[in-house]
Every structure is written in C-alpha cells, then in structure tokens.
Amino acid sequence: MLRCIECGKEYSEEEVRYRCDCGGLLEVVIDLDKVENIFNGKNITLWKYKSFIPVERRVSLNEGGTPLYRLENLQRELEMKELYVKNEGANPTGSFKDRGMTVGVSKAIELGMDKVICASTGNTSASLAAYSAKAGIKSYVLVPSGKIALGKLAQAIVYGAKVLPVRGNFDDALRVVVEASRELGVYMLNSINPFRLEGQKTIAFEIFDQLGFVPDNIILPVGNAGNISAIWKGFKELYEAGFIDKLPRMIGIQAEGASPLVKAFKKRKPFEPEEKPETVATAIRIGNPANWKKAWRAVEESGGLFESVSDEEILKAQKLLASKEGIFVEPASASSLAGLIKLKELSLIEPDESYVLITTGHGLKDPNIIIENFKLPEPIEPSLEAFREVL
Ligand code: F0G
C-alpha cells in the first residue's frame, strides 16, 4: 500500500502514481509482520533483504553488498573514536542509484511500462540507462546542459538511453519530467517515485548487517533529498520490526551554493527553494529538493542536523579520503567527510561516538577537476638515467 506522508490517504501499489491528490509525497507501507530477521553479517547483497522490498526481483545487476571500511588513518588524524565509510561507488554503475533502480525498474516491468524517464545530475541517468538496457525497455534522461560530469554522460550514452540536455538546471529538468510522466505515459524514476527509496533503504540494512550494531550517526550528501529519507526509513523499519533498539542521528550535508535545507534548518525559517544553485559537486547542484519534507522529518525525528560545506572543503576532503584511505569518490560524496570535519571543528559533534559516512558515487565518474588542478611534470626520456634524475 502507498500512503501520503501529509494527509495519510492510501492508494494501491498497482496504480501508477507519484503523489497524493493533496500534493503530498507518498511512501510504501511495509507489512513488518512478514519481514525476516536475517541480519547475520553473511552474504550481503541488496536482494538478501527481499522480505522488506515491495517488488519481485526482475531486473538486477547484482547491486548492493558494498564495502564498509573502518577509516583507521583518518580516525587517528581527526582524533575520532570510530569512523567508517560505506562506499556506494562500488555498485554496478558506480553509485547508490543502482539500489533504487533495481527496484524501480523491476516495478516498471511489473506495471507493464515499456518507457521510463528521469531528470538527473548524472548518476540517476547512468543507472536508469543501465537497468533499462538490462530490462530491454526504452529510457529517456534529461540532464542540465553542460553541468553533468563526463563519465556519467558517457555511461548514459553507452547504455543506450535517449539523452536530452536541457537549457536549465536539474530543477528545471525535473519539472519537465514530472509533466511528461503525467501527460505522455512514461514511467518516472526520479526519487519522488516511492519505489526508488525502497531500494535505497537497504543501505541502512547493510550497515547494521555489516557492523552488527547501529552507529550513532550517519552522515551523507543531500541533493534531491531522497537518499537521506530512504536510509532513515530503513532504520525505522528495523526498529519497528524489533530487530534494533536504537536509531542513528541523520546528518545531511549540502554544498554551500545549493543549500536550501541548511538555510531553513539553521534560521528556523520555512523551506524556500534556491533559484540558482551552484557547486563543483554537480551531483548535488539542486535548489529545490523534491523530497525535502521527508528529509526534514528524518533529521528532526532522529535528532540530527543539516550543515553545508564550501567547494574548497569538498575538494580537500576528496583528496584526503583518497590519499589517506585509498578511497576515490566524486566531489558530492566527499561532502560527507567535509561535513564531519567542519562539524568537529565547530564542536557540534561528539568525537567519542561512531560515524558512518556514506560515499555515494565513484571518483572516476568526474575526474576533470582533479586533472585541471594538477600539473603533470614534463615527459622524461624512456631511460633509467632520466628516471634516476627525477627520483
Ligand atoms: N551523491 C551523489 C553522487 C548523487 O549523484 C546524488 C544525487 C546525491 C549524492 C544526493 O542524493 O538526491 O538522494 O539527496 N544525484 C541525483 C542524480 C540527483 O540525478 O543523479 P539525493
């Protein structure tokens, strides 16, 4: 069953529907009497948690089961007690979006849809394109012209999506996609679609399964605000099913130039979209997060917070994570570490608690900024002498 988070109205899951008649966001209600307690640390993949997932596995590229690393070096350097990274870049197309798409595209097939569509800052389009290719259905992706990382664009093209650049930003593209899904009968797989979040909530399940306990804090980047809502839903389901007895704090990080949630949260003012979002972290260059109400609830209910980080802090954290821990993530993903560092400096977090940073996308998707900021030495002659000289 689908239920409106605002007015509580219920709808059948068999209906193609993205919002309530009142305009509110919908969520899938899971029957927690039927879920299985299989949290034994073994054979971790997304579909291990199928009893929590409201569709059959139809389209899969073996997503999930991503590594959870203890950050031994950074933990020491930052004088923290327990620091981990859940590296979602290890998914089949290199981002957490694959969790949403294995479920979302499976749902599209269940509903008999043969065309799917999304707006995207890059990763969603790459993932939708791959899962549609596997399912043998047509995909359309609308991306902000000139503002999508090259690797992500290449992925969408090679998987065979119809890629359409839009003169405008992500928020503009999403507006078109919402209208298209309503008027043209294409199935929308942006994170307003509640089935996407049903896949992404498995990040919570895996963290608990891998650690064997619930961490005190989860820190992650926030763009369209689907993932923070999904992970919170996952933890709440574990709690309500009686499998865990505490919940983590959810800490959402936005880029300074695209931080409408942070501004509303800090100033205790009503949420207002930002007209001209701008950041080097193009994945989260979003001014009007469609899921902001779910994200707001996640942070409030969990006693968490929203914080923003500058582009400079993001790039510094990206380099730090790669050079100290061997984990290369794209700029948006590095905002979780940048956020942790900033919150620690501001004494807004407890160094003795446990933290899991979610790194959402692989660094190879967006290498340009690294190359642009690094000057390679002049080529040397192919001889040992020449090499010795530069050693
Ligand atoms: N990190 C990465 C790498 C992303 O690609 C995104 C979102 C986010 C974080 C934020 O997640 O939207 O659930 O709050 N990317 C979307 C896209 C918008 O089109 O690929 P969110």
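Backbone N, Cα and C define each Cβ position, glycine as well.
Those TrEMBL annotations? Automatic predictions, nothing curated.
On a predicted model such as this, the values are computed, not experimentally measured, just so you know.
TrEMBL has this to say about the protein:
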BINDING   Asn123, Gly223, Asn224, Ala225, Gly226, Asn227, Thr360  pyridoxal 5'-phosphate binding site
DOMAIN    59-361  domain 'Tryptophan synthase beta chain-like PALP'
MOD_RES   Lys97  N6-(pyridoxal phosphate)lysine
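Feature map: TrEMBL annotations on the structure.
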{"residue": "Lys97", "record": "N6-(pyridoxal phosphate)lysine", "Cβ contacts under 8 Å, 6 or more apart": "Asn91, Asn123, Thr124, Ala126, Ser127, Leu128"}
{"residue": "Gly223", "record": "pyridoxal 5'-phosphate binding site", "Cβ contacts under 8 Å, 6 or more apart": "Thr121, Phe170, Gln254, Ala258, Ala283, Ile284, Arg285, Ile286, Pro289, Ala332"}
{"residue": "Asn224", "record": "pyridoxal 5'-phosphate binding site", "Cβ contacts under 8 Å, 6 or more apart": "Phe170, Leu174, Asn190, Ser191, Ile286, Pro289, Ala290, Asn291"}
{"residue": "Ala225", "record": "pyridoxal 5'-phosphate binding site", "Cβ contacts under 8 Å, 6 or more apart": "Ser191, Gly252, Leu261, Pro289, Ala290, Asn291, Trp292, Lys294, Ala295"}
{"residue": "Gly226", "record": "pyridoxal 5'-phosphate binding site", "Cβ contacts under 8 Å, 6 or more apart": "Gly100, Asn190, Ser191, Ile192, Arg196, Leu197, Gln200, Ala290, Asn291, Lys294"}
{"residue": "Asn227", "record": "pyridoxal 5'-phosphate binding site", "Cβ contacts under 8 Å, 6 or more apart": "Phe96, Ser191, Gln200, Ile203, Leu220, Pro221, Ile358, Thr360"}
For the binding-site residues Asn123, Thr360, work out the Cβ neighbour count at 10 Å and name the residue with the minimum.
Thr360
According to DSSP, folded down to helix, strand and coil, what is Ala225 (pyridoxal 5'-phosphate binding site)?
coil
Taking only the residues the record lists as binding pyridoxal 5'-phosphate, namely Asn123, Gly223, Asn224, Ala225, Gly226, Asn227, Thr360, what is the largest Cα to Cα distance between any two of them, in Å to the nearest whole number?
14
